[in-house]
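Listed features, source Swiss-Prot:
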REGION    1-166  region 'Disordered'
COMPBIAS  19-43  compositional bias 'Low complexity'
COMPBIAS  71-81  compositional bias 'Low complexity'
COMPBIAS  102-122  compositional bias 'Low complexity'
COMPBIAS  133-146  compositional bias 'Basic and acidic residues'
COMPBIAS  153-162  compositional bias 'Low complexity'
DOMAIN    249-418  domain 'tr-type G'
BINDING   258-265, 304-308, 358-361  GTP binding site
REGION    258-265  region 'G1'
REGION    283-287  region 'G2'
Amino acid sequence: MSEKPRRDTGGTGTGSGRSTGQSTNRTSNQQTGTGRTPTATGAHRQPANQSTGGGRSSSTGGRNTPTNQGNARPAAPANARSGNQPARGNNAPAASRSGGSTPAPVRGGGATPAPARGTNTRNARSQQSRGRPQPEEREREREAVLRRPPTPTTTRPVMRPRGPVALPPVMTVRELSEATGIGAADILKTMLKAGMIANINQQIDYETAALIMTDFGIETVENMPEQMVGIVEDVKEVLRSQPPEEMRPRPPVVTIMGHVDHGKTKLLDAIRSTRVAEGEAGGITQHIGAYQVEVNHRKITFLDTPGHEAFTAMRARGAQVTDIVVLVVAADDGVKPQTEEAIAHVKAAGVPMIVAINKIDLPTANPDRIKQQLAALDVIVEEYGGNVPCVHVSARQKINIDGLLEMILLVADLEDLRANPNAPAVGTIIEAKLDKSRGPVATVLIQNGTLHLEDNVLVGCVAGKIKSMFSDSGKRLRHAEPSTPVEIIGLEGVPQAGDILQVMDDLVLAREIALQRQRQQRAEAMAASARGTSLEELFGKVKQGQVKELNLILKADVQGSLDAIAHLIEQLNQSQNEVQTRIIHRGVGAITEGDVNLALASHAIIIGFNARPDPAARRHAEQHGIDIRFYNIIYQLQDDLKKAMAGMLAPTFKEVVEGYAEVRNIFRLPTREVVAGVYVTDGKITRTGQNVRVLRRGVVIHDGKISSLKRFKDDVREVTAGYECGLIVEGFNDIEIGDALEFYRQEQVAATL
């Protein structure tokens, strides 16, 4: 039977050792008799200097005398201090008054010794956490679960649709996967193979989706939303669908085409009796102007297209909306490349043509030569047995202008041009710009129906309500009939030249369709960008130094100028492959501070074509050194772009031989360098800036530089023909008597496109 613990107030170190021994013996007896293993509190001797003060100490089997004088208690084990609670049992030790505790004995097992003095508590924690699964084990378990095949109850077979699948004009990859039953991952893989980098939420257009589905053997059809039914995509289809009894004669739309400076604007100026040409920069029309004149109580609408070759796209748009083309050819200059280009556009548009041979008042005029040149291009005039009318005029002297107008009306009567003035208006945007005070302004040619004030319109990707209309002379209009060019205000954005204008009953519906078209346009642009980026051909060449880029930000007064500059840059890029010009941003209107920031971030040059920076943008550009170039003549911009691109080309070098010499003696220095005693036979030797080529029996054995040049013991800069000298070829000691030396210089030659 265990004794009760007693208080010992006068114990010494000897008593402490006696108490320890008794405790140990009794613990051993308890292990033999009961099979329970208490913690041996007296197994480790505690130093005297670790006394913690007075208190009552308890023992599991007998008395435990304090080790030091002063009523001290034994120190708690390390695992008790680490926060482990003692197990409760019959032999659980009693807690001391100071709150310390000793671990309880563990039933059915061996004794768990208390950690020795200085044991780290982290070891105790790691021992206790050995039973927990480690991160590697948890990862292996997770992978095993992922590899586990799905149960039959959760497996759902993919149902491929039968027959064509109806797809919207714009959709995400996820929506395409849901509509076709093809996994999104498979679709993304197919897009990646096709050079398109996308994600599951990226929008794609119907054409891209249909192309992807062909790889999976699925047919698709485009499902047009109900609100898209009735939207005009082709004006010719609208004209063909009109009731014949509603059709009325309309004025002809005439486009004047021809080579630069052949007198197109002068001819139109003579017709309108105004000075349009004097207001144009450099005498060249910068954007399409639409004008209407009255001849013999009949109206004729003229489109004045630019004459330079860079405005190819603008001339093409003019041919698409025109009824008759007047091809102007200068009698003293003949057929030029732009003349041939205009003929190609006319033939592609399938519209009748009238040849106007201008400048017949000049003494060098030769109309017959012009007709022969046209016949070589399959444009046979009536005098030569063809069906193309030909009129001789002089725009400067206003000779035979009436004859040209009568010929236009005659051809218009033969074409029987008609439209329905009672239908909702449909037209084509000729030009569009952003006016600082009036907002978006567009010039539209009405081709069918009548446009009224307050009409709701859909124009490409923008919508709006017609707030005001102006004629070509600036007169306010309340309505515009077919073949009438008008300037409209009230659109919610700047449309693109060539967009179709259509009157809508509901402005909300027009906005929804415009928004959907914008999304489709963005999806097409993203798809094109993804295809270009995934190829990485151009960018790879740029990184390798094979291709250099010239970044541009384009701002112009009208959309047509932007299109023309973009066409010009495309031609420059196609003409060579070493330097590529990239338009990182283009827009209509003034140069803003945002444009300057973009140029600063992308190391770009800002081009302002009839566009100037606002004060904030100008100050910002001056502070950061951003280059802003201003132009109002297209061919000046073309020349500067060529010069800028040529400056980015790798320079070429030309070899210029400046002297010859022969080796007549050899001197070896203690530094193991070899001095060649040479005689200059031709030209001169210069110590700096020259390379030397060593030839032995006509074969080049070394090419290097001169490290030293002397005459006798003096260093010299130059030795001319007929003199001897000594020189050291840098890094070459194998020179021999009889070798020939050739001295040359590399001169840089400016690169050209």
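The backbone N, Cα and C atoms fix where each Cβ goes, and this holds for glycine too.
Since we're looking at a predicted model, the values are computed, not measured.
The predicted model assigns the domain 'tr-type G' (249-418) a mean pLDDT of 81.
D261 (GTP binding site) counts 16 other C-beta atoms within 10 Å of its own C-beta, drawing on all protein chains shown. Secondary structure of the region 'G1' (258-265) per DSSP, as helix, strand and coil residue counts: 2 helix, 1 strand, 5 coil. Neighbours of K264 (GTP binding site), defined as other CB atoms within 10 A of its CB across all chains, total 27. Within 10 Å of its Cβ, the residue among the binding-site residues G258, I360 with the fewest other Cβ atoms is I360.
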